[in-house]
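Visitor: In case it helps, Swiss-Prot gives these features for our protein:
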type	residues	note
BINDING	Asp193, Asn249, Asp251, Pro253, Glu254	Ca(2+) binding site
DOMAIN	498-546	domain 'I-EGF 2'
DOMAIN	547-583	domain 'I-EGF 3'
DOMAIN	584-624	domain 'I-EGF 4'
SIGNAL	1-21	signal peptide
TOPO_DOM	22-681	topological domain 'Extracellular'
TOPO_DOM	703-767	topological domain 'Cytoplasmic'
Amino acid sequence: MCGSALAFLTAALLSLHNCQRGPALVLGAAWVFSLVLGLGQSEHNRCGSANVVSCARCLQLGPECGWCVQEDFVSGGSGSERCDTVSSLISKGCPVDSIEYLSVHVVTSSENEINTQVTPGEVSVQLHPGAEANFMLKVRPLKKYPVDLYYLVDVSASMHNNIEKLNSVGNDLSKKMALYSRDFRLGFGSYVDKTVSPYISIHPERIHNQCSDYNLDCMPPHGYIHVLSLTENITEFEKAVHRQKISGNIDTPEGGFDAMLQAAVCESHIGWRKEAKRLLLVMTDQTSHLALDSKLAGIVVPNDGNCHLKNNVYVKSTTMEHPSLGQLSEKLIDNNINVIFAVQGKQFHWYKDLLPLLPGAIAGEIESKAANLNNLVVEAYKKIISEVKVQLENQVHGVHFNITAICPDGARKPGISGCGNVTSNDEVLFNVTVVMKTCDIMGGKNYAIIKPIGFNETTKVHIHRSCSCQCENHRGLKGQCAEAAPDPKCPQCDDSRCHFDEDQFPSETCKPQEDQPVCSGRGVCICGKCLCHKTKLGRVYGQYCEKDDFSCPYLHGDVCAGHGECEGGRCQCFSGWEGDRCQCPSASAQHCVNSKGQVCSGRGTCVCGRCECTDPRSIGRLCEHCPTCHLSCSENWNCLQCLHPHNLSQAALDQCKSSCAVMEQHRMDQTSECLSGPSYLRIFFIIFIVTFLIGLLKVLIIRQVILQWNNNKIKSSSDYRMSASKKDKLILQSVCTRAVTYRREKPEEIKMDISKLNAQEAFRCNF
């Protein structure tokens, strides 16, 4: 804290020198000097190290350090002491003009400002290692944005009823959007899936009509077709939708992400306007394929993220993979597109779970036949324009950005969370803090981009690193940039190249231990000191090149989760963060404290607000339950030998008298409760007989059930015949049956006496 205050006051002092003259300068300098001197004496002076022999090394010690380049600067006859705090150098007689220091400058571009929503458009920040700079970013939403709304519709057969609703949506939606936009345009595109097996049927009879199961005439399947560019002509939009036919495929997921990426990057084909709010409405009732799904069809070429429309048809559908969620999110943000998922059915929750991975996206559930589609679009748009969030792009190595949103209601939130319920008259402020830990390997100028999500304007932050002294570039002062000339026997190196004979210089002093490599295998030994290698991964440093800033744990692709700096293989977290990866907010430790103020009841460690018990005997959310932690038996186990003192030494007997004198003895009956040892053979036969009897009983029961079922069937058949015989014989039809002729070898003689019947008597059958 003191170092930061000294740096601030030092900058104020030198600013007074540059901006004032005469008595005002003297009074101002004296006032600032007194403050600096008082602060400087309250803490150990790290700038006055005797090992500092150069200006560059001096300025690396801290932001409060300075180097006097005055040629005849001598203090107390003890030699040159050019490195010290700025206040001490002034007190020793060094003129302010002769003090080298690393200042922090923030310059915002006020001239030629073209941004109207995000200001400032450009910021220039000059930093040195260990310093930080602040500036404010303002975001003001405009009234009645121009809006470009592109319908991307899943035209598989199951969406037939929803597509019919689109015929009348254009005119009604344009009337509702007129309340929020002065310029509203609509466009239309369709998608199904990749036109290869196993996503579609390649049978000759179905290749041109995938939805024959629905008794419908369908168009051939396709990956993505751009049907209508963005237009103000609502009638043309309705005609394009009316001409649209459905298609089909055979698997459940669709190729929605493929089509979304093409609709986002094909800016000229779609007709996206730079000044408009860009909305991409995706209508579907199924999930979408993700990256690597195309391996099933033998498609292994990764999606390149470029536009591949030819005659408004996506021509790389069968040769290029589906995009990943990260790639799709990047393209949507780069092209300032907000996505609205209009999903019907149970797949709504699948898309809702994706929203944290797609910044600026919103999911809504549509009713049967898309009856609420217009209201869904309007409500989603109102939510989009009421949220202001920012995202950092083109992260600069060695530079950390900390962004805090200051909402119109006064609330402060992390920049990635942003503010909600923002109206067109509100202004959202973002406090941006830039911290540079070390100088970049390549040096020079870099920049980062702060981008409000969904806005077509950004803020470009230029980073200027102050890693060297001005006296090194001034021929007349170059001799005062170091106290002593280097050893002529040692080679001169420029931190990147060094030509010398390794056998010429001993390397024993460059090893932390004799059995370890020179400079930890990551540097060369020159004159008894390690010169560490340069690497693109980060900075290697330390007396033996044993430290670096890239070997720390990573989280989500960022070292120390982006909330800390890597020093010596361990994460040094920024304020407000903790954990081995700096992944936990500091406030999460409060959830690990019990009512007595103990962290995890003294039996564990707190990791991201959850206790990890280090004592294997303890359990519970706060490791508060430990049934065996205080058992006297385990505590007095060593006293057991005192019960049999015959073979103990005198020292052991003395310990028994002192440590185990008050031990209570509890004798236990060790008589076995079992009358005899277990008979394994008897147990086996018992289990075998019981199992056999149970199986036999099951067989008998099943047999009885089958017999009962057969008897019931025979009985029901007999009852049926009996009921037929009891019917009135007068209503029976003729009983004339088919005559069966047969022959016997010796037919038996049958004598029959049939009396004649009268002609008037009817033939009667007697049964």
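Glycine is treated like the rest: Cβ placed from N, Cα and C.
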Visitor: With an 8 Å cut-off on Cβ distance to the Asp193, Asn249, Asp251, Pro253, Glu254 Cβ center, who else from the chain surrounds the Ca(2+) site?
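Guide: These residues sit around the Ca(2+) site: Ser156, Val192, Lys194, Tyr199, Ile250, Thr252, Gly255, Gln286, His289.
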Visitor: Within 10 Å of the Cβ of Asp251 (Ca(2+) binding site), how many other Cβ atoms can you find? Include all protein chains, please.
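Guide: So the Cβ neighbour count for Asp251 (Ca(2+) binding site) comes to 15.
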Visitor: What does the DSSP secondary structure composition of the domain 'I-EGF 3' (547-583) look like, as residue counts for helix, strand and coil?
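Guide: Grouping H, G, I as helix and E, B as strand yields 3 helix, 16 strand, 18 coil.
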Visitor: What is the Cβ neighbour count of Pro253 (Ca(2+) binding site) at a 10 Å cut-off, with all protein chains included?
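Guide: A count of 19.
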Visitor: Can you tell me which parts of the same chain pack against the domain 'I-EGF 3' (547-583), counting only residues 6+ beyond its ends and a CB-CB cutoff under 8 A?
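Guide: Counting only partners 6 or more residues beyond its ends, the domain 'I-EGF 3' (547-583) has Cβ contacts under 8 Å with 398, 400, 402, 435, 437-438, 522, 537-541, 589, 607-608.
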Visitor: Would you mind splitting the domain 'I-EGF 4' (584-624) into helix, strand and coil residue counts from DSSP?
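Guide: Across the domain 'I-EGF 4' (584-624), DSSP assigns the residues as follows: 10 helix, 13 strand, 18 coil.
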Visitor: Based on DSSP, tally up the residues of the domain 'I-EGF 2' (498-546) by helix, strand and coil.
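Guide: Reading the DSSP string over the domain 'I-EGF 2' (498-546) gives 10 helix, 12 strand, 27 coil.
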Visitor: Take the domain 'I-EGF 4' (584-624) and find every residue of the same chain, 6 or more past its ends, with a Cβ under 8 Å from one of its Cβ atoms.
Guide: 575-578
Visitor: Would you find the one among the binding-site residues Asp193, Glu254 whose Cβ has the most company, meaning other Cβ atoms within 10 Å?
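Guide: When each Cβ's neighbours within 10 Å are tallied, Asp193 tops the list.
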